[in-house]
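Engineer: What follows is a structure written as structure tokens; I'll ask about it next.
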Amino acid sequence: MTATQRIAAIDITRALTMFLMIFVNDLWSLHDIPKWLEHTAAKEDGMGLADTVFPAFLFIVGMSIPYAISNRIKKGDTLWQLIRHVIERSVALLVMGLFFVNGENLHAEATGMPRGVWNIICCICFIFIWNQYPAKFPKTAQNVIKGVGIVTLLMMAWICRGGEGDEVQRFATYWWGILGLIGWAYLVSAMIYVLGKGSFVVNAVAWLLCLGYSMAVHGNVAPGIFGYIADGAMPALVLGGVLVSQIFRHYSTAGKWQSVIGVLSALAVVLLTAGFLTRPVWGISKIMATPSWVLICSAITIGVFIFTYWLADLQQKASWFKGIKAAGTDTLLCYLIPYFVYALFSLAHFSFPDMVSGGAIGIVRSLVFSFLMIQIAGWISKGGIRLKL
């Protein structure tokens, strides 16, 4: 391949991560499955497959930042336009995360609607607001549709009641939700990248500071006052992706396609070793967001990226991943589709037969479910609905 070719590995790694995210998010519907597939308990030292997916997604978010910012600069964006773009994307993720997490804690009776209806309305509003409308679509119509989405969300936030039994509360932040956590981590990391003008040294120092703060908090040396970024763990994952992306771009620009595999492999080994060496100190825990978990998951994601780069780009087998392509290009839409499906299942009182909800058959069912969600997102995208933050 040449230095000017588009790298398929980042989109494919993102697609694989989203495929696994939908899969592990469906494991709640199964029984009698291997423990290593599931999340480990908060105080348990260890992690399952489910504990590696979210950090991998954060890492891939970081890997995309240098490319995204570079493309906007090429289009003529000023510093303030870049800052505005980062803030707008972050706010979008925070808003979606908040509405989803309030849906999880919804008091259906007090709110006046079941969770399924809440999620469907929220997802439709998200599409109204952040859809990438075709150029020929009237601007006035776009603004009206976006306005309807915004007003509806405000009304939903007003009528929202959460909690259980008699302990009812209004719309709240809770833990911000998955998308909200991504939003906070992206905001911190992208701002560092933009304000630091893409300096590798600045990003490396920021990564060390975030990881160091996480270590200090878990070592009871510093107070944990930044829970929304897991006291440094979340931006450490994103900034790790930024650094790997910069290393990759440095070598690929020079046409050193083979050398970059050796460099990134060595980095993965160092991070993996550091993660396991520090395991006796902090333990490995996704829920607690321990430094060891950050290091190990970073190494795993680098390993997956190296493999997809070797297979898709160097061996030119990107077509092998065509079936899940939408998960890499329409990632947010893929994330929303299961909310629609679960809501419809709930409203229709549908559940899968027990014979396909456990063991190996259940696992296959969830894998097929994940694949189908991606296909649906791809079909919808071809129909003109593409979420753009």
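Cβ from N, Cα, C; glycine included.
Note that this is a predicted model, so its numbers are computed, not measured.
Annotations for this protein, taken from TrEMBL, read as follows:
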type     : residues : note
DOMAIN   : 34-158   : domain 'DUF5009'
TRANSMEM : 7-28     : transmembrane segment
TRANSMEM : 48-70    : transmembrane segment
TRANSMEM : 82-101   : transmembrane segment
TRANSMEM : 113-131  : transmembrane segment
TRANSMEM : 143-159  : transmembrane segment
TRANSMEM : 174-195  : transmembrane segment
TRANSMEM : 200-219  : transmembrane segment
TRANSMEM : 225-248  : transmembrane segment
TRANSMEM : 260-281  : transmembrane segment
TRANSMEM : 293-312  : transmembrane segment
TRANSMEM : 332-352  : transmembrane segment
TRANSMEM : 358-380  : transmembrane segment
Engineer: What counts of helix, strand and coil residues does DSSP assign across the domain 'DUF5009' (34-158)?
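Structural biologist: Summed by class, the stretch gives 94 helix, 2 strand, 29 coil.
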Engineer: Counting only residues 6 or more past its boundaries, what in the same chain has a CB within less than 8 Å of a CB in the transmembrane segment (225-248)?
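Structural biologist: Long-range Cβ neighbours of the transmembrane segment (225-248): 7, 10, 55, 58-67, 175-176, 180-181, 184-186, 188-189, 192-193, 198, 200, 203-204, 206-207, 209-214, 217-218, 260, 263-264, 267, 289-291, 293-294, 297-298, 301-302, 305.
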Engineer: So, do the transmembrane segment (332-352) and the transmembrane segment (293-312) meet, by the test of 3 or more Cβ pairs under 8 Å (sequence gap 6 or more)?
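Structural biologist: Taking Cβ pairs at least 6 residues apart, the transmembrane segment (293-312) and the transmembrane segment (332-352) are not in contact, as fewer than 3 fall under 8 Å.
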Engineer: Going along the chain, which residues at least six beyond the ends of the transmembrane segment (200-219) come within the CB cut-off of under 8 Å?
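Structural biologist: Contacts of the transmembrane segment (200-219) (Cβ under 8 Å, skipping residues fewer than 6 from its ends): 188-189, 192-193, 226, 230-233, 235-236, 239-240, 242-243, 246, 281-282, 288-291, 294-295.
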Engineer: Restricting to CB pairs under 8 Å, which listed stretch, 174-195, 260-281, 358-380, is in contact most with the transmembrane segment (293-312)?
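Structural biologist: It is 260-281 that shares the most Cβ pairs under 8 Å with the transmembrane segment (293-312).
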Engineer: Do any residues of this chain, six or more beyond the ends of the transmembrane segment (358-380), have a C-beta under 8 angstroms from a C-beta of it, and if so which?
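Structural biologist: Tertiary neighbours of the transmembrane segment (358-380) are 15, 18-20, 22-23, 26-27, 29-33, 37, 323-327, 330, 333-334, 336-338, 341, 352.
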